[in-house]
Amino acid sequence: MSFDIGSAAASTSSGPIYSAPGTVGGSANFDDEEPLLEELGIHPEQIWSKIRSVLNPFRVNHTIHKDSDLSGPILLYMSFCLFQLLAGKIQFGVILGWIVVSSIFLYVVFNMLAGRAGNLDLHTCTSVVGYCMLPVVIYSAMSLFLPQGGIVAIVVASVFVLWATRASTGLIVLLADGGDEHRGLIAYACFLIYTLFSLLVVF
């Protein structure tokens, strides 16, 4: 039995042994692949629509908030941390801790008030609290150009806290069952949450 090494090497190098499906000339075809953000569950258009809905606290579109997500809230939280960092305040851990505690607090308060009729889940609650942080983030950016402390800072902070409270209360009442009867108590809980975040900016 004879074996020609030269002919075997020539036949091996003449072309690839295996060609994956969908490849042409050894290069993969990525035309049919989904965008990376969609594979990660991040939809920029949806995030922008939810952010715009919070800009008007008197006419919040709750239908687009039914599909809750955490991408937008994380973006707003990071923006808040960035503006605080520009103000010389390193509060990443504090802000993250208050975010978790405030979401759980509002979730527990609402479901205790609504009883068995309450259907607000923690994911939706975290999404609402996060998107309604937009007024506080805007105030944090404005505070870089305003004097720290004093009556002016407190009055401006109160306006943005009321804005965030109005938007979050309206969303929670419209998204969950049984919330309209306890609108006042829900608004009080939201007011406490956004007051805490505004105090980080004022002081």
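Backbone N, Cα and C atoms are what each Cβ position is placed from, and that goes for glycine too.
If you look up TrEMBL, you'll see 53-200 marked as domain 'Yip1'.
Same-chain neighbours of the transmembrane segment (93-113): 73, 77, 80-81, 84, 120-122, 125-126, 129-130, 172, 176, 178-179, 182, 185-186, 189-190, 193, 196-197, 200, counting only residues six or more beyond its ends whose CB sits under 8 Å from a CB of the stretch. Per TrEMBL, transmembrane segment is recorded for 93-113 (among others).
Look at TrEMBL and you will find 125-145 (among others) tagged as transmembrane segment.
Among the features that TrEMBL reports, transmembrane segment is placed at 151-176 (among others).
The transmembrane segment annotation in TrEMBL covers 185-202 (among others). Long-range contacts of the transmembrane segment (185-202) within the same chain, counting only residues at least 6 positions beyond its ends with a Cβ under 8 Å from a Cβ of the stretch, are 80, 84, 87, 89, 91, 94-95, 98, 102, 105-106, 109-110, 113, 129, 132-133, 135-136, 139-140, 143, 148-149, 153-154, 157, 160-162, 164-166, 168-169, 172-173, 179.
Residues 50-51, 54-55, 65, 68-70, 72-74, 76-77, 79-80, 83-84, 86-87, 99, 102-103, 106-107, 110, 153, 156-157, 160-161, 163-164, 167-168, 171-172, 175, 190, 193-194, 197-198, 201-202 of the same chain, all 6+ positions outside the transmembrane segment (125-145), place their C-beta atoms under 8 angstroms from a C-beta of that stretch. When pLDDT values are averaged over the domain 'Yip1' (53-200), the model yields 91.
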